[in-house]
Amino acid sequence: MVRSGNKAAVVLCMDVGFTMSNSIPGIESPFEQAKKVITMFVQRQVFAENKDEIALVLFGTDGTDNPLSGGDQYQNITVHRHLMLPDFDLLEDIESKIQPGSQQADFLDALIVSMDVIQHETIGKKFEKRHIEIFTDLSSRFSKSQLDIIIHSLKKCDISLQFFLPFSLGKEDGSGDRGDGPFRLGGHGPSFPLKGITEQQKEGLEIVKMVMISLEGEDGLDEIYSFSESLRKLCVFKKIERHSIHWPCRLTIGSNLSIRIAAYKSILQERVKKTWTVVDAKTLKKEDIQKETVYCLNDDDETEVLKEDIIQGFRYGSDIVPFSKVDEEQMKYKSEGKCFSVLGFCKSSQVQRRFFMGNQVLKVFAARDDEAAAVALSSLIHALDDLDMVAIVRYAYDKRANPQVGVAFPHIKHNYECLVYVQLPFMEDLRQYMFSSLKNSKKYAPTEAQLNAVDALIDSMSLAKKDEKTDTLEDLFPTTKIPNPRFQRLFQCLLHRALHPREPLPPIQQHIWNMLNPPAEVTTKSQIPLSKIKTLFPLIEAKKKDQVTAQEIFQDNHEDGPTAKKLKTEQGGAHFSVSSLAEGSVTSVGSVNPAENFRVLVKQKKASFEEASNQLINHIEQFLDTNETPYFMKSIDCIRAFREEAIKFSEEQRFNNFLKALQEKVEIKQLNHFWEIVVQDGITLITKEEASGSSVTAEEAKKFLAPKDKPSGDTAAVFEEGGDVDDLLDMI
């Protein structure tokens, strides 16, 4: 399609002859494909908000309506729309009024009519570009008698030309279709493979090649497109065109050095130019709606107050401070005008990336045609680059604007050099948050295997691909080439609503989703690391304890007496959860929810405490053998359940023996990370204060968790050699 830039005059010349409706079953006809391409191009132009004008010429129509027709010349060619700005009316015409014809017309005659439209309808208007686009299947007969005149006129009038065909200039097997890219739209492939075209189409294709090579040499063949390729390229709305306007100013360093500069907006957050407005629901005209604002006192009569009797107020806490327009003007900062003053310099490492703010980035160049300014600014840029430093700058757009503080850092390319300015925050712009470190808790500290798995995942998801031959990096996900999906969706919905006022809005187009998905190469590479992540970070259901009702606590039981009621209250009220509803099916301690299974078994006495505890201990040892933090946490839950139930059922000695044996096994297997979690959670021996059957004091329980000092090498040697206590004292 015509390249964006200055104002252009574009003629869309579409073949609507009866052969355009022929197609292979299951594939759209060339007529429908051409219609889609034209629709997409026009809607891009409508929302691009530029000044390009578009005309529409149809050939192969049943009637004839063009200024060159006469006798049997230029028949079945219609100028459907003259040169003017594109709008929704044109889109509606393309959708509903353009229908296949029953005739055929010479595409070279249609080209001459299109040239005539451009030549006559651009008189008195200033266009930088003149362009014709022809959509045809080349099936109609044509005359080559005026071919040289056509080529000469195109060159003389500086009219560029493009052809759009249902096939492409690929290999003989048709595999060269440029529409066969990774984003090719399903069902929009070329209607005819190149090897299946007719002799008439082959002859027409040779004429098209001859014309394009005569106009632009071998590069002219690049201006012959297939419908499928065009649909892929036009599936996104064209970005709104913005022309760069330079901002002249003086870069000052101190009071004696001044450099004339011109700054351009390099990056600016884009906003939709057209805004929402209120119109009459029936006439759809803004003029039919009048808006009137009335101010009234908050009294019973709602007394009207004139606008002149109202001043604004600033709410400060619960008070309102009156602040008139005069006060507001006096409060405003009074500057001398536009400003770009260097406050000082610092190392580039001191300005961290997270401090960049604002909604624009400026590129600062020397003023045009000022050689002294160019030399001075170039010296500053190279000095900053050599010293790895940046300039801290005071920036004010004009005398009405509040000043900013920003950073200007050197930017040197092979064909230009400049300063790049980015705004920096003031104190009030910073948001300070304090978070506790995850390293403080041994419970949540990742293992080495988990860290390596996450590292592998990050490496596999890298969006930069290195080319080993050229030693360069290729960006697999260039965000600067991805259109804003918000704009795409807005334009899609506005277009649909304009053409179909009563139909519901369409779903988001699939190509928009595809643009936002990670590249297929990255997705494939990350599958293996992702599966390892799932293995090393298992999801364990965190069950929330439900509130216990009186009915659930005091349920019917054949045992009578205060002892039975007391036992039921203690056992039922302490650990009730949703899983307890399925207690009847628990016959042993399982590996999925061992702590809860253990509680159910000892509570319902389906197994002896000794048998249930042995099953629980077996699972604890299995979890520890995995040497993985998630299973360590499961073991902690089991130990905690064992301790609580042991106190209830007077089995404190059994738990204490287990915990002592566990400590020895942890030391042998060097599971220091697990024991740190035990110590951190304070899981120790059951003391006689907690259960009367225990002989462990609180001091002994505390000492049990205290870290043990490792004996020195000499001390260990004494015991190995059979030394007694006196020998040990002599060594000390």
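Even glycines carry a Cβ here, placed using N, Cα and C.
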Report which of SER139, SER145, SER577 appears in Swiss-Prot with the annotation phosphoserine.
SER577
Among LYS155, LYS239, LYS532, LYS603, find the residue to which Swiss-Prot assigns the annotation SUMO2 cross-link.
LYS532
According to Swiss-Prot, motif 'EEXXXDL motif' applies to one of these ranges: 216-224, 297-305, 720-728. Which one is it?
720-728
Per Swiss-Prot, the candidate from SER436, SER531, SER580 carrying the annotation phosphoserine:
SER580
Pick out which of the modified residues SER255, SER258, THR535 has the most other Cβ atoms within 10 Å of its own Cβ.
SER258
Are there any residues at least 6 positions away along the chain from LYS144 (N6-acetyllysine) with a Cβ closer than 8 Å to its Cβ? List them or say none.
LEU108, ILE207
Listed in sequence order, residues with CB under 8 A of SER318 (phosphoserine) and six or more positions away:
none
Among LYS265, LYS332, LYS534, LYS665, the most crowded of the recorded positions [Cβ within 10 Å]:
LYS265
Validating a neighbour-count step here. Other CB atoms within 10 A of the CB of LYS532 (SUMO2 cross-link): how many?
17
Given the recorded positions SER258, LYS665, LYS669, LYS688, state which is nearest to LYS532 (SUMO2 cross-link) when distance is taken between Cα atoms.
LYS669
Cα proximity to LYS669 (SUMO2 cross-link), best match among recorded positions SER255, SER258, LYS265, LYS534:
LYS534
In which DSSP state, out of helix, strand and coil, do we find LYS265 (N6-acetyllysine)?
strand
For the domain 'Ku' (253-452), mean pLDDT (0 to 100):
88
